[in-house]
């Protein structure tokens, strides 16, 4: 009790859980019993849902426009489902490592926290790198922001998501740095939990985008070459291999 | 028990300021410019929101006056068509985003923490960031206006002396001229210049400010309530703030994305909102759709209408009970009505698009949903009337403006229901009838409520009494001027006068009502000067306001006027709705029935109820109060310290956007094509965010801190 400070600034104060079993007095009580930092993250994520909703709505509205005008490249020409499935898998696995990171710090395991945070950031970075490679590949095949409505809505939607992942990676690395400086204690595990909420949300959004953009089949039109999907994807994987430095 | 000592907040120099990774020294001063720039006190932030909103209210009003001078007589050439377009665009944009919304923010900031018994908002530095980001957005929007001012004035003078000067300042040609709704394809590169970039980025930055503030207030209201203040004991203005914040959080993303897509259209060559694109001097079909802009804009735009009106409803719902000396009639239903309006508000946007030809089915559906909104709104009107019914009414200035809203908003609401009828709307679309409608809602509603709120809370905010005599003059001038200005617009609209036309023919017969409207506008302008004179005089006379001048019912009247920086010496414990009345007069008449109505029983079985069971609530309240008081006793009241970082982050954002807008090819990072100025801004912003994140909210306090050492 003696060291308690009423901290109104919950951004870096210790938010509180009134019903907490140990009744630790360092937590200023909140009316709902939920930490304010957690609550504001939920409010932000609700809002972010509408951001992605607007973009996904735009993508759905323009789905098939390029085909209708006969201006390629078209999705079925260019998508490589196996390749993107692998990167989607990588991103989804990063949610697991995020949970492990939170679990570690909740048990007071600093080393575990750093390992799993780094693993999460690495998986996120692999996803972003994969997206960057995918974008450059698509661009080399003629799909740019301006080539047709498909290009515009595809790049803006997936790019917006990629930006989210990038910010998440920077955030995770910041947490690692904080942890190295001794800034994340077991009692203060909320800073990791809040980042985790954001990270899981970004993963969930990718499930929606991946399904809507990649998995739901497009009607093929007669124009365009329409290369067989499997052959095409092997081609892409081969080029990915050639691009790697090792 | 140790006596509680309250050190002057903001002054806790015990902490080692170089601790942590903070690289900008903590500001220490409590007065002067620096203290205002670094403040994170919700009351000061509220005042700054209010002052800037009022300045922009005057600017937007000035633009409206120029419009009315131009339309005062047929075939007038006071301004030309281009300037006229700029005037109505900036009038609308300024009033919506820079006057009414921030004025509501001013009340949110100042009043809500006081009403819920808190010492600040949940995230005070985020709150400061919202304020400065709002200022940044206002600067971006109005930079071209400022730059065009000399040439506009010269043009007007030139009209008088028969000489038309030809000069412009930098940016002076970039005043937005496409209307506040920014319909595509007027905003696409084919039909517009850089002015749209200023507009789009300005609104974008304002959106960031609004979103950050909305998250903050959602958390504040959910989490910072005083012990015992259940959701259904919250003052109704706090409820309207909560619902408005949720509306902002859910509606602004649509316009943000719309503006992102528009900026891609303008800067990256996509064509989301244009069916054609100009490539190498040739028009090519792209499949883009201008209607998508209208959908996205109005999915934001209609909730935006409620973002503007719900705080007004909240203010009036505070004022009327106090001046009728009766609890608000049907409190719970009022809360549900606000929620219902907000919810329905997301399902009516197509009524702005009835003439775009979406077909009979969408038209019918959205016509019906629009009419539905009349029900919760009608409930509110009924409840205000029923609150006044049988009350001992005092018609002080706040009450006059509040009753003014009730009467004037009904007119705007009725013409709103008319617009829900598709055939009628198709006739009235783009005429002055629509202009009359939304001014009855936004002026007769929001502006009246803002003045009601200003007169009501003025004594609390500044500790000074405004003159009732001048206040009443202000009200009647506003009331007369408002009706003189906007009621004839109904006639003009029905006579077929279109909106947004810069001139009308002499033989059209429209001149009579137009000159009346222009005279009314001058009367409104005069009324604003009466208000300003009132403010000036109250400042000069310096008549001190008591803590509770109106016999208020809510917690803000329990503390001195103006409130001390820490608001509440002891966090109050709330046992009733209208807590202060109960404390002053006992739970008798005032609280009668309040708690009962929460427990709805049918045949002896409890089927409804909003509060947690009483014992549990009491226990929780006692527990929270105990913790809070124990902490107070131990160390006095510790408020978070002021900080430079919110301001630094906002300035970085401003510089980043200006870099994009200036976009000088000589000022680019060579290999990337990124504007150099933007890069500098981005670095400043990110450093600001990091400094903010790693700066402790308040300096560490030594064990002896606060004990008898008031600074």
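Cβ from N, Cα, C; glycine included.
Sequence annotations record features per position, and here TrEMBL assigns domain 'Cytochrome oxidase subunit I profile' to B:36-575.
Taken from TrEMBL, the feature region 'Disordered' applies to B:1-25.
According to TrEMBL, the transmembrane segment annotation covers B:47-67 (among others).
Cβ atoms under 8 Å from those of the transmembrane segment (B:87-111) belong to residues 42-43, 45-47, 49-50, 52-54, 56-57, 59-60, 63-64, 66-67, 70, 79, 121, 127, 130, 134, 137-138, 141-142, 145, 175-181, 199, 202-203, 206, 210, 213, 217, 237, 241, 244-245, 304, 307-308, 311-312, 315, 442, 446-447, 450, 453, 457, 461, 500, 556 of the same chain, restricted to positions at least 6 beyond its ends. Here TrEMBL flags B:87-111 (among others) as transmembrane segment.
Feature annotation from TrEMBL assigns transmembrane segment to B:131-157 (among others).
Taken from TrEMBL, the feature transmembrane segment covers B:198-224 (among others).
Per TrEMBL, the feature transmembrane segment maps to B:236-264 (among others). Among residues of the same chain six or more beyond the transmembrane segment (B:236-264), those with a C-beta under 8 A of the stretch's C-beta atoms are 104, 107-108, 111-112, 115-116, 182, 184, 187, 196-197, 200-201, 203-204, 207, 210-211, 213-215, 217-218, 221-222, 270, 272-273, 293, 296-297, 299-301, 303-304, 306-307, 310-311, 313-315, 317-318, 328, 331, 334-335, 338-339, 342, 345-346, 554.
Here the transmembrane segment (B:296-316) has Cβ contacts under 8 Å with residues 96, 100-101, 104, 107-108, 181-183, 236-241, 243-244, 247-248, 250-255, 257-258, 261, 338, 341-342, 345-346, 348-353, 380, 384, 402, 405-406, 438, 441-442, 445-446, 448-450, 452-453, 456 of the same chain, all six or more residues outside its ends. What TrEMBL lists as transmembrane segment is B:296-316 (among others).
Per TrEMBL, the feature transmembrane segment maps to B:328-352 (among others).
Summarising the annotation, TrEMBL assigns transmembrane segment to B:364-386 (among others).
Residues or ranges marked as transmembrane segment in TrEMBL: B:398-418 (among others).
Summarising the annotation, TrEMBL assigns transmembrane segment to B:470-491 (among others).
Annotation source TrEMBL lists transmembrane segment at B:511-536 (among others).
Under the heading transmembrane segment, TrEMBL lists B:668-693 (among others).
The predicted model assigns the domain 'Cytochrome oxidase subunit I profile' (B:36-575) a mean pLDDT of 93.
Against the transmembrane segment (B:511-536), stretch B:47-67 shows more Cβ pairs under 8 Å than any other of B:47-67, B:198-224, B:364-386, B:398-418.
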